[in-house]
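Written below as structure tokens is the structure these notes are about.
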Amino acid sequence: MNAAAEAEFNILLATDSYKVTHYKQYPPNTSKVYSYFECREKKTENSKIRKVKYEETVFYGLQYILNKYLKGKVVTKEKIQEAKEVYKEHFQDDVFNEKGWNYILEKYDGHLPIEVKAVPEGSVIPRGNVLFTVENTDPECYWLTNWIETILVQSWYPITVATNSREQKKILAKYLLETSGNLDGLEYKLHDFGYRGVSSQETAGIGASAHLVNFKGTDTVAGIALIKKYYGTKDPVPGYSVPAAEHSTITAWGKDHEKDAFEHIVTQFSSVPVSVVSDSYDIYNACEKIWGEDLRHLIVSRSTEAPLIIRPDSGNPLDTVLKVLDILGKKFPVTENSKGYKLLPPYLRVIQGDGVDINTLQEIVEGMKQKKWSIENIAFGSGGALLQKLTRDLLNCSFKCSYVVTNGLGINVFKDPVADPNKRSKKGRLSLHRTPGGNFVTLEEGKGDLEEYGHDLLHTVFKNGKVTKSYSFDEVRKNAQLNIELEAAPH
């Protein structure tokens, strides 16, 4: 952020209103508040059973929040004054903890006396385990732990995008392996089309970066800069794209000149892959007559490295894909691969970028398999469903206090609402461990201090205003790999 933008963000104004009043609500002589974040397990699913269970989550995005919003001198005299004035009007009362913030400014030069411990970024952890913990490091600042809940819990978004994207990768990997015998090109099978479908530039950057944990294809440019700035990669960029047509570059030629539009575009990009949206008027006519006959000579002469990628963009996704493949299969030479599935020639592929979410994706690849088409023939583009059609409830992302110190005594605390057992929270100081069998287990009530459980997988990533541990994007990707990828990799 430039200096002006830096000055704009005020951590004193980046919390839920009610938290401004909480310093007055904790028990007298509270000196520590310790809280944790998890993606709660749903032990009792609603009657409307979800097709996808989301049993494990990808932990990603906390590093961005810590670096962008919490590190360094985040408290200044001006920010305290600004907050004081805003809250006086907002509450019509003097409830703001001016003294507490001045203490942080004076004693710590505006750095937050907080410690955050977290699992490594990119870790794949079963639901119901601790992912990070937060505690104050100065007894005067017991109220600060849950003040920053608001901004820290926004990590639900990159976690959920990365998790949902990875679940789609599981589906694609399974069907690609079954219909081709290998995982070649898996990381380009789901392309991010979501830039225009998200709520803001920042959302675009965060969401696109989360998808790139699992894949390498994106049209959401904002993700690239975020990854380079907050994570870093060994490659010059973490995501790639290809030249592609939109409807305007076709329809601008006029309805009677779709063939001319197609011809011009494939000629402009003859030595690289090029995607051409082909449903401006009639996708089936485009495949059969224009691509299959009129321009066939231009397509068959393209190289394996520079295929034409035909993009349908309307209609029922499964029906459209199958019909397009059927037409192309009659117009171009189809071969059978080693697994007995049909394969278009290497200079021709299809991308479905309309109506793609995790459920339609599953339907399309299953439908293709049943019709004996290899998944090698297709890639997918997903926008709103990939980056926007998600909420904090999908993975039940939750932040709760589990331990306090009052009058010098540590107390394990929790909630356990009578009407919803799913909302029961964990007790005491928490740690995360691997059992000898390789399973993850969260230990409550400080039991992780006992030697027998091995080391804690939560590492200090932030302490007293400093980010103390960072992960490169390459490490994040490695942590998030699928088991099927690890098994298929050459040993």
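Cβ from N, Cα, C; glycine included.
Per Swiss-Prot, the feature N-acetylmethionine maps to MET1; the stated evidence is similarity to another entry. As annotated by Swiss-Prot, phosphotyrosine applies to TYR188, with the evidence given as similarity to another entry. The diphosphate binding site annotation in Swiss-Prot covers ARG196, HIS247, ARG311, and the record cites similarity to another entry as its basis. Annotation source Swiss-Prot lists beta-nicotinamide D-ribonucleotide binding site at ASP219, ARG311, PRO312, ASP313, GLY353, ASP354, GLY384, ARG392. Here Swiss-Prot flags SER472 as phosphoserine.
Between the farthest pair of Cα atoms in the diphosphate binding residues (ARG196, HIS247, ARG311), the distance is 18 Å. Close to ARG311 (diphosphate binding site), meaning Cα to Cα within 10 A, are the following recorded positions out of TYR188, GLY353, ASP354, SER472: GLY353, ASP354. The distance from the Cα of ASP219 (beta-nicotinamide D-ribonucleotide binding site) to the Cα of ARG196 (diphosphate binding site) comes to 10 Å. For GLY353 (beta-nicotinamide D-ribonucleotide binding site), the same-chain residues that are 6 or more apart in sequence and have a Cβ closer than 8 Å to its Cβ are HIS191, PHE193, ARG311, ASP313, PHE380, GLY381, SER382, GLY383.
Annotation for ASP354 (beta-nicotinamide D-ribonucleotide binding site): spatial neighbours PRO312, ASP313, SER314, PRO317, GLY381, criterion Cβ-Cβ under 8 Å with sequence separation of six or more. Listed binding-site residues: PRO312, GLY384. The one with the lowest count of other Cβ atoms within 10 Å of its Cβ is GLY384. Among the recorded positions listed here, namely TYR188, GLY384, ARG392, SER472, GLY384 has its C-alpha nearest to that of HIS247 (diphosphate binding site). A strand conformation is recorded for ARG311 (diphosphate binding site) in the three-state DSSP classification. The Cβ of ARG392 (beta-nicotinamide D-ribonucleotide binding site) has 15 other Cβ atoms within 10 Å, all protein chains considered. Using CA atoms as reference points, the recorded positions TYR188, ARG196, SER472 were checked against ARG392 (beta-nicotinamide D-ribonucleotide binding site), and the closest is ARG196.
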